[in-house]
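Enquirer: I grabbed these lines from Swiss-Prot:
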ACT_SITE  HIS1109  active site, for 3CLpro activity
ACT_SITE  GLU1130  active site, for 3CLpro activity
ACT_SITE  CYS1192  active site, for 3CLpro activity
BINDING   GLY484, PRO485, PRO486, GLY487, CYS488, GLY489, LYS490, THR491  ATP binding site
DOMAIN    1477-1602  domain 'RdRp catalytic'
MOD_RES   TYR983  O-(5'-phospho-RNA)-tyrosine
MOD_RES   THR1039  phosphothreonine
Amino acid sequence: MSQTLSFVLKTHNVRKDFVRSVKLTLARRRDLQYFYNKLSRSMRAEACPSCASYDVCPNCTSSDIPDDGSSTELIPSWEEVTKTSTYSLLLSEDTSDELCPDDLANVAAHIRKAISTQSHPANSDMCKEQLTSLLVMAEAMLPQRSRASIPLHQQHQAARLEWREKFFSKPLDFLLERIGVSKDILQITAIWKIILEKACYCKSYGEQWFTTAKQKLREMRSYESNTLKPLIGAFIDGLRFMTVDNPYPMGFLPKLIGLIKPLNLAMIIDNHENTLSGWVITLTAIMELYNITECTIDLMTSLITAFYDKIGKATKFYSHVKALFTGFRTEDVSNSFWYMAAAILCYLVTGLIPNNGRFLKIKCLLVRATTLVSGIIATQKLAAMFATWNSESIVNELSARTVAISELNNPTTTSDTESVERLLELAKILHEEIKVHTLNPIMQSYNLILRNLMSTLDGVITCCNKRKAIARKRQVPVCYILTGPPGCGKTTAAQALAKKLSDQEPSVINLDVDHHDTYTGNEVCIIDEFDSSDKVDYANFVIGMVNSAPMVLNCDMLENKGKLFTSKYIIMTSNSETPVKPSSKRAGAFYRRVTYHDVATLVESHKRARPGTAVPRSCYKKNFSHLSLAKRGAECWCKEYVLDPKGLQHQSTKAPPPTFLNIDSLAQTMKQDFALKNMAFEAEVGCSEHRYGFVCQQSEVETVRRLLNAIRMRLNATFTVCVGLEASNSVGCTAHVLTPDEPFNGKRFVVSRCNEASLSALEGNCVQTALGVCMSNKDLTHLCHFIKGKIVNDSVRLDELPANQHVVTVNSVFDLAWALRRHSTLTGQFQAIRAAYDVLHVPDKVPAMLRHWMDETSFSDEHVVTQFITPGGVVILESCGGARIWALGNNVIRAGGVTAIPTGGCVRLMGLSAQTMPWSEILSELFSLLGKIWSSVKVSTLILTALSMYASRFRPKTEAKGKTKSKIGPYRGRGVALTDDEYDEWKEHNAARKLDLSVEDFLMLRHRAALGADDTDAVKFRSWWNSRSRLADDFEDVTVIGKGGVKHEKIRTNTLRAVDRGYDVSFAEESGPGAKFHKNAIGSVTDVCGEHKGYCVHMGHGVYASVAHVVKGDSFFLGERIFDLKTNGEFCCFRSTKILPSAAPFFSGRPTRDPWGSPVATDWKPKPYSTTSGKIVGCFATTSTETHPGDCGLPYIDDNGRVTGLHTGSGGPKTPSAKLVVPYVHIDMKTKSVTAQKYDVTKPDISYKGLVCKQLDEIRIIPKGTRLHVSPAHLEDFEECSHQPASLGSGDPRCPKSLTAIVVDSLKPYCVVVNGPPHDILHRVQKMLIDHLSGFVPMNISSDTSMLSAFHKLNHDTSCGPYLGGRKKDHMVNGEPDKALLDLLSSKWKLATQGIALPHEYTIGLKDELRPIEKVQEGKRRMIWGCDVGVATVCAAAFKGVSDAITANHQYGPIQVGINMDSPSVEALFQRIKSARKVFAVDYSKWDSTQSPRVSAASIDILRYFSDRTPIVDSATNTLKSPPIAVFNGVAVKVSSGLPSGMPLTSVINSLNHCLYVGCAILQSLEARNVPVTWNLFSTFDMMTYGDDGVYMFPTMYASISDQIFANLSAYGLKPTRVDKSVGSIEPIDPNSVVFLKRTITRTPQGIRGLLDRSSILRQFYYIKGENTDNWKEPPKTIDPMSRGQQLWNACLYASQHGIDFYNKVYKLAEKAVEYEGLHLEPPSYSTALEHYNSQFNGVEARTDQIDTSGMAALHCDVFEV
C-alpha cells in the first residue's frame, strides 16, 4: 500500500480533490498525534481500562495534579500517598498488606507528574530511575492474574511486545550487549523474555540459548563492592597494628622500608620500558624483589589453563577485546606504569573498567575537592554513587527477570513439556539467586521486595510442576472396595486401614459433588458409598483414578484449576455386591482395576438371634477382629463368578475361594500390590568413574579386602570396600573385590601380588606395590579421597577427621582467601573472598554461609585438607572433586601432622604391568614428571630469560636500508634489506592475493617460483607475475612543479587494491550499482537534442526492446531515428540499422536479479499502477539498488541470464526500494528467417508418448543395428563375457523394447525440473571457484576470430547435427568443408559475430557400445546428443582457449580433463590422495539428466569470466545457457534440465558443475552448524573431478560432516553412489587403492600405476567392430588386421600391470584370437609387455593412439565407439 501511495502522489493527472483530501487526512492525523502526545505528558490519575482504546478517553475527566503535589478533589496529596501501605510495600518497608488498586492509581499519578515536573516533591525523595522502576517492581511482585489492576500495565505490556517484535530475530550476542547498556527497564524485560523464551525452545533455536540463560540468571550487571570490604578492612587493621597499636613504634619505619624496599622499586620503575620485553623485565624484577616469583608463576599457569578451557566457548572474543582496548582514551603520561596502576586500582574499587565515561564522572567529583570539607563531601558522593550502582541496579535487574519469567508461564508461549521443564529450571535458578541476595546484609532494606519476587516465582514453579504432571505418566494407585451391609463397620475399617497405610490424614472425595476443591492429594483417599447415586458415572471415574494417565479433577476455584489426583491408595465402600453389572461395556475395565473385599460381622448374627434389640458394644472390637474380610479373586463381579473373557456367559466361570485377611494383613497387601503395579525395568548403569574393581582369585578375596581396608585406614580414605558387585552408600568411591568371571562396569585393576606381608609396604606409602597393580597416581588419589557432592558437618568426631595438610591461623582476610585458593578451581576462587568475610564476621552462621558457598563453588581434583583457626572457631575443609567441611565454634587441637599424597613408586611402569595401563595415563605420568622438573627450574629460568632480555637492550641492532628502515618495515624479522622495486613487488603481491606474507616468506616464494617449482603457491605466483608484467606499462610520465623545483616522475595509473572476494557475503546481501548485465547489448535512447531518455536492449537482427514512455515521441538510437515501432502495453520493440555488438536472450518468467546484480523480490503479478507517466500495467518488485531518472529500459534477468522484464519506474526518494517492472511479452518482429531452426514456437504443442513437443516437417529416424560382432574365436563361449552389444530394438529377443521407447524413457528425466543448490550459496561458491582457478588460468583469453580455424579444432568424426546429415568428415573435400557445410557455418558465424544467440538444438541417437548383460535385458542405452556443427564451431572459437588453459593445469587444479592415466601424472594424483586425512571416491547415477540449469549457467559464466567478452563469446554464452532441444522421429522436445552429453566442452562444463555442487554442499553443511564460512573452500580441501567421477580429499572438519554433505548433494537432485555401485552410505576409502576414471590408482612393483578394470581388458577379445548388422552373433565378413592387432597388443600391455597370473589368462585369449582371426601378430610375453608399458609410461618410446587417449578405458575407443 505504501508503494502504491507513493506512485499515486507522484501522478500529475489525478484529480485535485483526491490530493486535497489526502493532505487534509494527513494533517488531521498529525494534529491528533500531537494532541495525544500532549495528553500523555499530562498523565491521567485513574487506572482506566478504556484509555488504550481512545485518543481522548471519555471516562478520565479529572483535572491534572498540581506541580507542588497537593491534593485535588479526587486525588490525595503526595504526603498522604506516602503514608499508605501500598507505598510502603513499594519502598520495601515491613508490611504484609496487599497492593490496593486505588492507592496504586494515586501513586502512579504522582509518579507521572514527578517525571514531567521537576518541582514535584517526589523528586526530592527519589531519582527518576527509582520513580519509573517502582511500577515495574509492583508488576513483578504480583501474580500475573492480578496485574491488570496496576496502572500502566497494559501500556507496559504493549511496549514489551513492540520491543519483542523488534529484537526477536537478533542474535544472542546482540541481546546480551543490549542488556548491558540499556537503561530502559521495559526494554530489558522484553530482552530477558526473548532470551528465556528461546531458552525454553532451545531445541529449535540452539542449546546455547538455554546454557547462556542459566549462566546469565546467576550473574548481575553491577559489581558488588562489598566483597572488597574484607580486603580494605584487613588493610586498615594491618595499618593500625603497624602504627597506633605497635608496641615498638620506633621499629615500624625500618620494617616498613625493609618490606617495601623503595630504592630498588624506584630503580626498577625508572628503567621500565613500555615494550613487551620491558614489561617482562619489570614484572620479573618486582616478583624477585618481593619473593613472590614462584606463587605468581603458579597463578599465571592456572589462569592460562582456565583461559584455554573457556576460549573454545567464547564468542566474538577478538572483537570484544579489541573494543575494550580501543575504547580507552590516550593519556599523555611520561611513564605508563603509573597509569596502569591507577587503572587497576579503579577497577578494584569500583568493579568497573576505567573507560572514559566513568573516569569523567569520578573526575568531576574529585576536581571540586579543593578543601577538607569539599573532599569529605566528594567522598560521600562517591560512596553514594557506588551504592546506587550496586543495590538499585540489582533490584531492577531481578524485577525485569521475574516479569519475563512470569509472562512466559503461559500455555500459548511455552506449549510443550520440554519448554515447561526448561522454564521450571530457569525459575528455580532465579529463585535461588534472589534467595542469596536476601542473605546479603547490604540488601536488607530491599528484603521484602525480594521475598515478593520469590513468591511470584513460587507461583511459576508450582504452575510448571502442575503442567509437567499433567503431561507425564503417574504411578498407578491401588483401589480396594469394602462391600457389605449397612452398619457393619466398613467406614470405620477404612479409616483404620488408612492410618496403617500412611501417617497423613486421608483425603476424602464425595462423588455426589461436582467439584473436588477439598481434595488434598494425600497418599490415601477414601470414597464412602461411591455408588450411592445413579446420576454419577462412578465407573468411569474409578477407571480414571486407577490409571497411569494423569487425572485432572473438576474444581471450581481458580487456584485449583489443573489439580491432579495423586493418591497412592484408594479405599472405597459400597453396600452393593455388584455395583457395575457384568453386561456393562466398562465392566472389564472396572473390575480389572479394583479388588473387592466382602465384609461380614458378628452384628448380623446378633440381629438374627435377637431382632428388635440394640447391638451391644461388646460386639465391636478395637482391633477389628469382629470383622471378616474375604478378598475376592481377580475380576470377580460377585462372590460366585468371574467375568467371562469373551464377554458372553458371565455365569459360566466359577470364582476361586476367597482369601480371609485382617486389617494389618490387608494394609500389607495393599503396599505390596502398589509396589508390584509400579515395578519397572531399569537400565543397567553404565561404566562409572567412581567405581574401582580389583580382580583376584577366589582364594585371595579376603586378603585383598583386608589390604584395601588397611589402605583406607592408613590414608584415612573415603572409599568403601565391597566384596562382589553390590555396593553400599559411600561419601566417596567404591572399591569392589572381584573374581575374574564377574562382570563389572567400572575401572578394573588386576591384582598380581597378594599376601599378608604386603601390609608392611603400606608403611612406605606405596599402595600399588602392596597390591601389585598398575595404577596411576591420579586414579589412586581419586579412589582414596574423592568426595561426592558437598557436605557440611555441624558435629565433629575426631576419629573421622582427615589428617591436615595445611594449618592456617587466620589473622586477616588475606590468609583465608590465600588458603582457599588451593581447594578451588579458578572460577571458585572468586567466591572464596565472600566466604572468608562471612566466616570472620558472622561465625554464628558458618554452616549456612559455607553451604551456600560450597554449592556455588567448583573444587579441584587434587586432595587438599586445610584447618583454619579463626576468631570465631575452627573450620576444617577437605576437598577432592567435592568437599567436606567441619565448622565448630570452639577451638579443636587436631593431632596427626601433615600427610603426604599417596604415590605409586618409581618402578610401577617397568615390566609387563604397564601393558594394562592406557596411553593417556602413561602420558599423564610423563607430563607429571616434566612438571616436577619444570617446578624445580621455573624461577631460575624466568629470571635468566628476563636477564637476557635486559642485556639485549644494550646490544646493537641491525637495521635495514631503504623503505624498511623505519615504520614501513616488514611484518616479521629484522635485517632484510629490500630495493624499492622489491618492496613494491612485496606490497602488490600481498594486496592482490590478500595475503600477509613476511619479507622472508615472499623472497623465498619468489625464489622457488623462479626455479620452476610446481607446488600450488609457486604456480599461482608465476601467474600473478605474468599478469603484473602485462601491466608494466600502467605508468605515466608526469612533470611535478613544487617547492623543490621541477621533477619528472612516473606515476601509476591503476590503483593497487585488494580484490574483495566476498566469500562470507551471501548474494542476497549484495547491493549498490555495479557493472550492468548484458552491457554490450544495452544502448541509450535519446531525443532530438541528443539528451538521454532511457535504455533499450538488443534482441538480435537489429531489433531492440524498450518501454513505451521512453520511445514516445521523436526518439533516436545512436543518432538515427528508430522505425518499425510496435507496442504491447508498456513493452515495445523497434528496429534500427545501428546494430550493437551483442544481443541478449529474452524469456517469459520471474526475474531474480536487477540490472546491477542485486536480488529481486516480487510476486510477478501484473497490475495497473498510477505513475507520473500515467497508468502502467506492470509488476511490483523490491531491490536494494537505488535507481535514478533515466534508468528505464534496463533489463531484469533470471538465473540463466535471460531478460524477463524492463525497468519502468521506482518509488522515488521516499521508497527507493520499490520498483515497477514491465514483463517481457512476445512481439512478432520477424521479416524472414535467416537461419534454419527446427523448434518453432508458433506451432501448437503435441503429446508424443508422454512428451510435450513440437511436430517437425521432416522425420529423421533413429539408426538401427550394430557394428559389433562376436569374434570367430568365441562363437561358442561368448556368453561367458559380462557385456554384450546394446539392445537393438523391438526385434531383439533379449529386450523387445523399441528404440523410440528407449529414447523417450531416456528423455523423460530431462523434462523434470531440477532446482539445484540455493541461489545465494551457488553464487558464493562460484566466486570461490573463480578465485581458485585464477591462480592457474590467465585472464582475457582471446577468442578465435577465424571461422575455419575454429572449425578445424573440432572432432570431425562426430555428427553435423540436426540441420545436415552425416558426420563432419563426410562433408570434407581435401581437408576443407564442402559448400553445404560451409553455407551452414557461414550463416551461424554471421549471427554469432553480432552477439545473437543461436538455436540450441541436437539430433538424438543411441550409442553403439557394449553394455552389461543386465542392462541390455532392461533396455538401457546411452543417448548421443549430436550438436549443431555451427554451434560447436562458435563455442570452440569462444571457449577453446579457456578450456585448454584449465585442462593444462590438471596436475594442480580440481579438474582432471586432459589427464593421461598412463603417464607420470598418475603419480601426482597418488601423492595428492595420500596427503589427505580422509578420502571419498564418489560416482553418480544419471548424472547428465540431474544437472540443474542454474549450475550449468554458473559454469558457463566461469568460462566467460576468463574470456575476452567479444560478441562471439556473448553468442556462445547465451546459446549454451538456453534450454536444449532434442530432435528425433519428426518431433522436437525442449528439455527443462540436464546437460546434453554432446554439448560443446561438455567434459569441462561437467567438471565445473561437479566442483560447484561439492562446494555448495560443504558450505551449506558448515553454516547449518553455525560455522560462518569466510574463507575460500577450495583452498582448504582437494578434489579431482572428471565429469561425474570424483575423488574428494577432505580434512577432518569436512570429513566429520560428510553425511550431511552427501545428503545436501542428494537434496540438490543428484544421486551420489559408491564407485562399485553397491548399496550403502558413502564412507572413507583406503587411500592406497582409489578408483578414478575406471582406473584403480595403487602402488605396484613397478611404481604408482592406474590399473584398468580387468573386465574391460577381457571383453576386448570377445568382440570385433565390423559392418552394420542385426545379427551380432555372426563374425564380421572382413577384419582389419592392423586395427585389431593394435587393439589386442594394447590389451596385453594393460594386462601386464595386473601381475603374471592374470596376464597368463589374457595371453591364452590373445593366442586364440590370433589363430581364429588370422592376425599377423605375436602376443608379447609377460616381461616384454611389462617392459613396453613401462617404457611408454615413462615416455621412452612413442605412445600409441590408444594409450595416449585420456579419460575412460581408452584402449578400445577406436574400435567400439560410434
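Heads up, the Cβ atoms here are built off N, Cα and C, so glycines get one too.
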Enquirer: With a radius of 8 angstroms around the mean position of the C-beta atoms of GLY484, PRO485, PRO486, GLY487, CYS488, GLY489, LYS490, THR491, what other residues of the same chain does the ATP site pick up?
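Expert: My list of surrounding residues reads THR573, ASN575, VAL599, THR601.
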Enquirer: To the nearest Å, how far is the Cα of GLY484 (ATP binding site) from the Cα of GLU1130 (active site, for 3CLpro activity)?
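Expert: For GLY484 (ATP binding site) versus GLU1130 (active site, for 3CLpro activity), the Cα atoms are 96 Å apart.
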Enquirer: Quick one, of the binding-site residues PRO485, PRO486, which Cβ has the fewest other Cβ within 10 Å?
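Expert: Output over binding-site residues PRO485, PRO486: least Cβ neighbours within 10 Å is PRO486.
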Enquirer: What are the DSSP helix/strand/coil residue counts across the domain 'RdRp catalytic' (1477-1602)?
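Expert: In the domain 'RdRp catalytic' (1477-1602), the DSSP-based counts are 58 helix, 27 strand, 41 coil.
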Enquirer: Would you identify which of the binding-site residues GLY487, GLY489 has the most other C-beta atoms lying within 10 angstroms of its C-beta?
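Expert: Compared across GLY487, GLY489, the most Cβ atoms within 10 Å surround GLY489.
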Enquirer: In whole Å, note down how far the CA of HIS1109 (active site, for 3CLpro activity) lies from the CA of GLY489 (ATP binding site).
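Expert: Approximately 103 Å lies between the Cα of GLY489 (ATP binding site) and that of HIS1109 (active site, for 3CLpro activity).
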Enquirer: Do you know offhand how many angstrom separate CYS1192 (active site, for 3CLpro activity) and LYS490 (ATP binding site) by C-alpha?
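Expert: Distance between the two Cα atoms comes out at 97 Å.
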Enquirer: If you count Cβ atoms within 10 Å of each one, which of the recorded positions CYS488, TYR983, GLU1130, CYS1192 comes out on top?
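Expert: Most Cβ neighbours within 10 Å: GLU1130.
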Enquirer: Compare the C-alpha of LYS490 (ATP binding site) with the C-alpha of each of the recorded positions TYR983, HIS1109, GLU1130, and give the closest one.
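Expert: Nearest candidate: GLU1130.
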Enquirer: Compute the C-alpha separation of PRO486 (ATP binding site) from HIS1109 (active site, for 3CLpro activity), stating it in Å without decimals.
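Expert: So the alpha carbons of PRO486 (ATP binding site) and HIS1109 (active site, for 3CLpro activity) sit roughly 102 Å from each other.
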Enquirer: Among all the protein chains here, how many other CB atoms are within 10 A of the CB of GLY484 (ATP binding site)?
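Expert: Taking every protein chain into account, the count is 24.
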Enquirer: Far apart in sequence but close in space: which same-chain residues, 6 or more away, have a Cβ under 8 Å from HIS1109 (active site, for 3CLpro activity)?
Expert: GLU1130, SER1173, GLY1174, ILE1176, CYS1192, THR1208
Enquirer: Would you mind listing, in sequence order, the residues at least six apart from THR491 (ATP binding site) in the same chain with a Cβ closer than 8 Å to its Cβ?
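Expert: Spatial neighbours, sequence-distant, of THR491 (ATP binding site): ASP528, THR573.
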Enquirer: State the Cα to Cα distance, in Å, between CYS488 (ATP binding site) and TYR983 (O-(5'-phospho-RNA)-tyrosine), rounded to an integer.
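Expert: Spelling it out, the Cα of CYS488 (ATP binding site) and the Cα of TYR983 (O-(5'-phospho-RNA)-tyrosine) are 113 Å apart.
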Enquirer: Within 10 Å of the Cβ of LYS490 (ATP binding site), how many other Cβ atoms can be counted across all chains shown?
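Expert: I count 25 other Cβ atoms within 10 Å of it.
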Enquirer: If you measure PRO485 (ATP binding site) to TYR983 (O-(5'-phospho-RNA)-tyrosine) at Cα, how many Å is it?
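Expert: Per the Cα atoms, PRO485 (ATP binding site) and TYR983 (O-(5'-phospho-RNA)-tyrosine) stand 113 Å apart.
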Enquirer: The domain 'RdRp catalytic' (1477-1602): mean pLDDT?
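Expert: For the domain 'RdRp catalytic' (1477-1602), the model's average pLDDT rounds to 92.
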Enquirer: Rounded to the nearest Å, what's the C-alpha distance separating TYR983 (O-(5'-phospho-RNA)-tyrosine) and GLY487 (ATP binding site)? Just drop the number here, would you?
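Expert: If we compare the Cα positions of TYR983 (O-(5'-phospho-RNA)-tyrosine) and GLY487 (ATP binding site), the gap is 114 Å.
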